[in-house]
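Engineer: Residues or ranges marked as isopentenyl diphosphate binding site by Swiss-Prot: LYS45, ARG48, HIS77, ARG96. Sequence annotations record features per position, and here Swiss-Prot assigns Mg(2+) 2 binding site to ASP84, ASP90. The Mg(2+) 1 binding site annotation in Swiss-Prot covers ASP84, ASP90. As annotated by Swiss-Prot, (2E)-geranyl diphosphate binding site applies to ARG95, LYS181, THR182, GLN220.
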Amino acid sequence: MNFSHLYDIYYNRINKKLFEIIQELPFQDSVLFRAMKYSTLSGGKRLRACLIYATGETFQVNIAALDVISAAVELVHSYSLIHDDLPCIDNDYFRRGKISCHIKYGENFALLAGDALQGLAFNILSNSNMPGVHDSIRLKMIAEFSNAIGYSGMCIGQMLDLEKERKKINISELEKINLYKTAFLIRCSIRLAYFASNNFSKEVLFILDKFSVSIGLAFQIQDDILDLKNDIKKLESKRNKTKNTYPLLIGLKKSKIKIKELYKEAFFTLEILKKNFNVNILKLLTQFIMKRFK
């Protein structure tokens with residue numbers, strides 16, 4: 001079985017859901033609406049949504065509930081990218097093959113668009129129908145979501161990234177940045193899908209956390225490598241000018257070895273889950289993501 005077909009199904013499903021959510025918003029003639037729509041529907045890999053759907057399949061979660069979780073997570077991811085690109089953070093002119101939101105609509109409206117998308121994500125997670133999900137579980141999901149994207153998660157990761165910019169750091173410090181900045185939202189995505197199954201087990205959650213952190217860290221290193229496009233001259237010329245990344249810190253060869261180690265850890269956790277659950281789709285998804293850097 002090939003995951004590509006299933007990826008297309010997940011990808012199209014979440015894009016349709018996001019389009020429906022955006023199209024239901026008021027003030028559609030406003031710059032704010034256009035900025036939100038532009039950033040949310042301008043492509044992207046939808047990795048987090050795919051992980052949510054695949055995890056949901058593993059634990060037999062109603063797909064309508066997975067739609068809600070996926071939409072909330074992807075809206076927050078879009079918000080984070082808008083803010084990451086701002087001049088005060090990464091000052092990036094391009095995102096997903098297009099000009100960044102603040103370049104197209106201005107810094108003021110980009111800032112507001114990010115804020116509005118975050119609020120919309122919580123609105124969706126709080127109020128949308130999620131069949132089979134009790135209110136107590138919904139509250140647990142909201143608490144997990146807010147923790148993953150706030151002070152104890154994504155925001156502290158971004159702070160650490162900015163704080164260490166242009167400074168020499170070690171691998172341990174870099175992994176901490178990637179853990180908070182990237183892996184924790186991926187962990188949250190998988191946790192929310194698992195919570196929606198209403199079958200909570202600390203042991204299973206621990207295994208899923210190991211899986212998601214391995215995937216999240218590997219994915220971040222892959223992105224760092226893809227950004228450099230294996231251009232050694234670019235690597236050398238930017239060594240003292242760019243943010244800290246694995247390829248800049250330890251080189252491309254060791255970075256690829258690290259990716260393989262992380263995916264090996266991810267597959268190991270799936271083998272443990274395999275004893276009680278059907279993890280075939282999660283395994284196929286992991287293999288699919290792995291191919292991005294080969």
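Placement of Cβ uses the backbone N, Cα and C atoms for every residue, glycine included.
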Engineer: If you measure ARG95 ((2E)-geranyl diphosphate binding site) to ASP84 (Mg(2+) 2 binding site) at Cα, how many Å is it?
Structural biologist: 10
Engineer: Where THR182 ((2E)-geranyl diphosphate binding site) and HIS77 (isopentenyl diphosphate binding site) are concerned, what is their Cα separation in Å, rounded?
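Structural biologist: Between the alpha carbons of THR182 ((2E)-geranyl diphosphate binding site) and HIS77 (isopentenyl diphosphate binding site) there are 10 Å.
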Engineer: Give the sequence-ordered list of residues that share a chain with LYS181 ((2E)-geranyl diphosphate binding site), lie 6 or more positions from it, and have CB atoms under 8 Å from its CB.
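Structural biologist: Listed in sequence order, they are MET154, GLY157, GLN158, LEU160, ASP161, GLN220.
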Engineer: Whole-number Å only: compute the distance from the Cα of ARG96 (isopentenyl diphosphate binding site) to the Cα of ASP90 (Mg(2+) 2 binding site).
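Structural biologist: About 15 Å separates the two Cα atoms.
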Engineer: Residues other than LYS45, ARG48, HIS77, ARG96 within 8 Å, Cβ to Cβ centroid, of the isopentenyl diphosphate site?
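Structural biologist: Near the isopentenyl diphosphate site, beyond LYS45, ARG48, HIS77, ARG96, sit GLY44, ARG46, LEU47, GLU74, SER78, LEU81.
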Engineer: I need the nearest neighbour of ASP90 (Mg(2+) 2 binding site) among the binding-site residues LYS45, ARG48, HIS77, using C-alpha distances.
Structural biologist: HIS77
Engineer: When the Cα of ASP84 (Mg(2+) 2 binding site) is compared with the Cα of each of the binding-site residues LYS45, ARG48, HIS77, which one is closest?
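Structural biologist: Of all the candidates listed, HIS77 is nearest in space.
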Engineer: May I ask which residues of the same chain, at least 6 positions away in sequence, place their Cβ under 8 angstroms from the Cβ of HIS77 (isopentenyl diphosphate binding site)?
Structural biologist: GLY44, ARG48, LEU185
Engineer: Give the helix, strand or coil assignment DSSP yields for ARG96 (isopentenyl diphosphate binding site).
Structural biologist: coil
Engineer: Among the binding-site residues listed here, ARG95, ARG96, which has the most company in the form of other Cβ atoms within 10 Å of its Cβ?
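Structural biologist: Top count of Cβ atoms within 10 Å goes to ARG95.
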Engineer: Identify, among the binding-site residues THR182, GLN220, the residue whose Cβ has the fewest other Cβ atoms within 10 Å in this structure.
Structural biologist: THR182
Engineer: DSSP three-state call for ASP90 (Mg(2+) 2 binding site): helix, strand or coil?
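Structural biologist: For ASP90 (Mg(2+) 2 binding site) - judged by DSSP and reduced to three states - the answer is coil.
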